[in-house]
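*Asks:* Annotations per TrEMBL:
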TRANSMEM  A:6-25  transmembrane segment
TRANSMEM  A:37-56  transmembrane segment
TRANSMEM  A:157-178  transmembrane segment
TRANSMEM  A:190-214  transmembrane segment
TRANSMEM  A:220-237  transmembrane segment
TRANSMEM  A:244-262  transmembrane segment
TRANSMEM  A:274-295  transmembrane segment
Amino acid sequence: MGTEFVQFSLTPILIGIFSAIACALPGNFLILRRQAMISDAISHVVLPGIVVAFLLTGVIATIPMLLGAAGAAVVAVILIEAIKRLGNIEPGAAMGVVFTSMFAAGVLVLEQTDTSNVHIDVQHALMGNLESLIWFRAEGWQSLLDPAKLASLPDELARMAIVCAMIFAAMLVFWRWLKIATFDEGFAQALGIPASAIGFGLVIAAAIAAVAAFDAVGSIVVIAMFICPPAAARLMTNRLEHQVIWSIIFATASAIFGYVFAGYGPMWFSARNAVSAAGMMATVSGVFLVLTCLFGPHRSRVGMKAQDDAV
Amino acid sequence: MTPFIDALLLQAGYNAALVAIGAGLLGFAAGASGTFMFLRKRALVSDAVAHATLPGVGLAFIIMVALGGDGRNLAGLLLGSAVSAWLGVLIIEWVVRRTRLAEDAAIGAVLGVFFGIGIVLLTVIQTMSAGRQAGLESFLLGSTAGMLFQDAVVIAIGGSLAVFVTWLLRRPMTLVAFDSDYAAAMGYDVRRVDLLIMGLVLAITVTGLKLVGLVLIVAMLIIPPVAARFWTERASRVIWISGAIGGASAYIGAALSASAAGLPTGPIIVLTAAAIFVISMLFAPVRGVLAAVIRHRRFQARVHRRQGLLALAAAHPIREGYTLRLLAREGLVRPDGEPTESGRAQAAKIARDERRWDIAREVHQDAGLTGRYDGLTPIEEVFTADEIGEFDRRLGPPTPVGAV
């Protein structure tokens, strides 16, 4: 647990934790509002967003790619809403139509342009590359106090930490509004709370989290981070405050155990190479969800437990 | 344009023709089988099913290699993908039934976690026998262009089976999709029918996985039914229209992609389907956006015409520009807003009908008849000539406009 850990494992674990928490926080509300699948739609349209950003700017740079992905997410949300209202189509189908079409357009544009020599490919966007985000110049724990060494930390770490903090702050600021608008939209409107604006803001926050996190953990694993920790937390408690705290605990644990299992797990089976850390994070979060589904104190619907006992 | 027409007429070579026919069959089967998933309001389950195939593919490869066989055996890979997708379906069903989590959370959780496991397995495969796993990534995005004759045969057989089962069991599936409580009361096993609907989607997913990839097979299961829904209100017709849209978009898409370089088949098929969806949403009769706009405009015109005539009858000035234009176009008012002869007649008729309705409400306590008063339904449609004569007798003789 010395130099090597700080060099190769500390930053990926931290980035994993921040990504997981940034996704889990909006995920809590998406699950309660039955909009969990919007995270699926957002994560699929990240690819076309990045491709378009690359075409427009011609460079692989972080900021344009993030802007492109965020723009694609907003376009997708608007299209979904338009199809829902104009076509009178249920939300799930509207999402399915929009994100598959946009994803196909992304793949098409990607194939049309000569991007084979640059560092965007579909697999990378789908799977992420947490392992490559290492702090190469670190020489041990004391490097944490060395400004020159700190400057060479991967950009993703600072970006993810800022996004995570911003989402957390926004959640605290709008806490009361979010809570009321999530559980009783009509009541929220009667109180003068801009419920639909809160709903849209929540989706935007989810989009920002997904876009910031996809680079590290991949766009599909993001879905697991949005849904599994909050869903597991939902089965642990009836109070929203406690649910959010539980979801942060589950998200953190998924990130840490996921990374450790991916990096060191294969060695226990005397294999030499590590497996995908992002995939392992999703797997661990799924294990937590299964455990809470089996043993969570609040796993049943109200009234269902009595029914089960009677049978 | 010529290469596209050649491809459309299957004249662009053996492989292009094979791809077009195979894709068309798959599109038809996917459109028809995806219908009930959409009508059951569970379209996104297909997304979870498609993503849940990945760990099965990886595990099947590992097991086949461990047993000393060829890891790329297609039958084995497809069997593995079917098993893991079925596991995913069962887990979704179990989570929704046993816990208080909503369906969307269960779908998303299965999708993300299974895909995560799949990625872990893919990285395991990459390390265990480098180079030999090259084929597996094609399951993500598909490799339509490399279709073989046996692939087309597999699609034809699997697709027709799925369509046949869809047709055979359309009644219980329709019933469950629209009113599962009623279906349960009729004695159908709703859970089993739901599993059957998901099983059909699973069969199509596994059949098409190798060709269009797991992300784009979802599009072929979701987009055609949604587009077909615009054209009809009957579930039995949605199946065939959806199949036709799916088949057409796959066939046209395959032809398009064969007609020029750099047009990957899978995405082109999806975008063709998306184009058909947009056309359906805008131009379908009754449910389309354009039809709704026209309906709205007609209604607006009727309301304005009536309000204008009532104003003429009461000799009130009309200030609403649209109403004036409307009445002027019909020759009911002069450009300065003064009523013409026929305008006076129409106004008197409408004003009289209005008073007839007043009488009708006094005479008839039957809300079923008088409740049909909405200002736009002509009174002659509701009451017989005798009854209207009776109202007129109570009203007294007609009075000219402006003489009230």
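Glycine residues also receive a Cβ, built from the backbone N, Cα and C atoms like all the rest.
The structure displayed is predicted, hence computed values, not measured ones.
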*Asks:* Cβ pairs under 8 Å with the transmembrane segment (A:37-56): which stretch of A:6-25, A:157-178, A:190-214, A:274-295 has the most?
*Replies:* A:190-214
*Asks:* Which residues of the same chain, at least 6 past either end of the transmembrane segment (A:157-178), have a Cβ under 8 Å from a Cβ in it?
*Replies:* 11, 14-15, 18-19, 21-22, 25-26, 29, 62, 133, 188, 193-194, 198, 201-202, 205, 208-209, 212-213, 216, 244
*Asks:* Given pairs 6 or more apart, does the transmembrane segment (A:244-262) have at least three Cβ pairs under 8 Å with the transmembrane segment (A:190-214)?
*Replies:* no
*Asks:* Under an 8 Å Cβ to Cβ limit, what residues of the same chain, 6 or more beyond the ends of the transmembrane segment (A:190-214), are close to it?
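*Replies:* Sequence-remote neighbours of the transmembrane segment (A:190-214) are 19, 22-23, 25-27, 29-30, 33, 35, 38-39, 42-43, 46, 49, 66, 69-70, 73-74, 77, 125, 128, 159-160, 163, 166-167, 170-171, 174, 177-178, 180-181, 222, 225-226.
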